[in-house]
């Protein structure tokens, strides 16, 4: 008989201690934009190549003509109940932003908040070990961090990397005629929602863990390709939100082919059964006015396209002649489902789904 159980490992369940999980617990994009508008403009720093004036994945500071520092931080509440897996997912997700800038990680610091009077100490230790294991896989030290006693469990990393300042890849700079390539299948938010509702079987759980703990290492290699014009990763704002950011930053329209999108197992069926996250609706509220969805698409298309991804795949905008080399880089690192999902065309900061 096939085991259909999903590991929980803790009592109480980690996901029962938080009101959200993974990148789905980001502040809603509309509210975040309003909050950031209230901040004072950042003073000019000539060596700050990427700062907070754009919606990019990390900050980049030039040290010299050959080296720039990539700095980012990312943390969230549990998306799964297994503490080791939670630590792995959070660490993989944090390092992804370094790769998404074309950088190579150098070291990381842990961000830890745990209800220490609620969770057994061995559970908290397992979360930390999960993060350590991913840093070891990435070949970097987890060199320190900071911890607090918090009501809800949170874990993540400050990730520091290095990149050639001439090779920084941004979520802008795409060119008309570029091809869009996605590195990982979609649907993590829906699978995590199914897990909370005890609707996810062992196979679905395994697929989710495999996707969310796979390091986006091809990003560091993609930075060396002249044909790669823009790069980002798909996380809490969903495929539509992050593709729209790339389109706006490039002053173009992204055309996404719905039939070509890769999905994790069971995601479409779960969406049809009404399983989704609240972040999906918040994403649509923020971006829907700039999205074209034909009436011929399935009724679940909007939910699927706005599904928040945790530790999602890289989105590459590259010249047509670079497609084979980009796909070869992905597949050499085990990203067998990397595929072409659309193209960039003339327009003014929209996403058109066809």
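Glycine is treated like the rest: Cβ placed from N, Cα and C.
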Checklist entry - Same Mg(2+) site as 57, 233 according to Swiss-Prot: which of 97, 178, 285? => result 97
Next on the checklist: Can you tell me the CA-to-CA distance separating residue 57 (Mg(2+) binding site) and residue 74 (ATP binding site), as a whole number of Å?
Outcome noted: 10
Checklist outcome for this item: Smallest number of other CB atoms within 10 Å: among the binding-site residues 55, 74, 147, that is 147
Checklist entry - Relative to the mean position of the Cβ atoms of 57, 97, 233, the recorded Mg(2+) site, which additional same-chain residues have Cβ within 8 Å? => result 56, 58, 72, 96, 98, 99, 100, 101, 232, 235
Item to check | Close in space, distant in sequence - residue 145 (ATP binding site), Cβ under 8 Å, 6 or more apart | outcome: 109, 110, 111, 112, 157, 158
Next on the checklist: Within 10 Å of residue 97 (Mg(2+) binding site) (Cα to Cα), which of the binding-site residues 55, 74, 147 do you find?
Outcome noted: 74
